[in-house]
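As annotated by Swiss-Prot, Zn(2+) binding site applies to HIS11, ASP14, HIS125.
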Amino acid sequence: MKEHVLVILPHPDDESYGVAGLIALNRKKDIPVTYACATLGEMGRNMGDPFFANRETLPLLRKQELINACKEMDINDLRMLGLRDKTLEFEDDEYLADIMEEIIDDVKPSLIVTFYPGHGVHPDHDACGEAVIRALYRKKKEDRPRTICMAITRNREEVLGEADVVLDIKEVADIKMNALRAHRTQTEGMLRELEEKLKNNEPVMATWFEEEIYWTYQWND
């Protein structure tokens, strides 16, 4: 199977926080990456630091920020799915799975990255991951692409075990930082603090730009 990475996440900036290193490493190998972003994050509370957005302008700003971040990561196949922020958990399960199945069948990925259902903390994260997995369960097990997931709950290792995919992303840390910077409304204040902590070599913050970890989804059929 030809290599092709498909990232399916609910919000602009989810990809930059959690998957930018993986994306950049694959693009450096000239492996195509498709990013399907379910919403524009238009219900987000952050409006820049200092404020430069408002509730009316935020959707278009976040759309452009997403486009800018994808340019930083060299993603040339960005698909905006047009779902409403903070509503994914209320959508019909099969309807969401239909959307994910259509993308998967079109892209024919060798690798899918999404949130691990039940370990996304945010309801949209879990609903997105659940929809992807539901779509994949419709396929024969041997026809499912490799699927790795982000898990950000505090009990993730207790429930899932240790992450089995650990990527060294130090060589693309600058790309990850620039992708995060692109999401200005969401990250400016945080990045100022982060960069100060990085200067002081605070270990917890430094690991953000040293490695990304994922869990291979465990099928139960």
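Quick reminder: no glycine exception, Cβ is built from N, Cα and C everywhere.
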What does DSSP say about HIS11 (Zn(2+) binding site): helix, strand or coil?
-> coil
Would you count the other CB atoms within 10 A of the CB of ASP14 (Zn(2+) binding site), including those on all shown protein chains?
-> 26
Taking the center of the Cβ atoms of HIS11, ASP14, HIS125 at the recorded Zn(2+) site, which other residues in this chain have a Cβ no more than 8 Å from that point?
-> LEU9, PRO10, ASP13, GLY41, PHE115, GLY120, HIS122, ASP124, CYS128
Determine the Cβ neighbour count for HIS125 (Zn(2+) binding site): the number of other Cβ atoms within 10 Å of its Cβ.
-> 26
Across every protein chain in view, the count of C-beta atoms other than its own within 10 A of the C-beta of HIS11 (Zn(2+) binding site) is 26
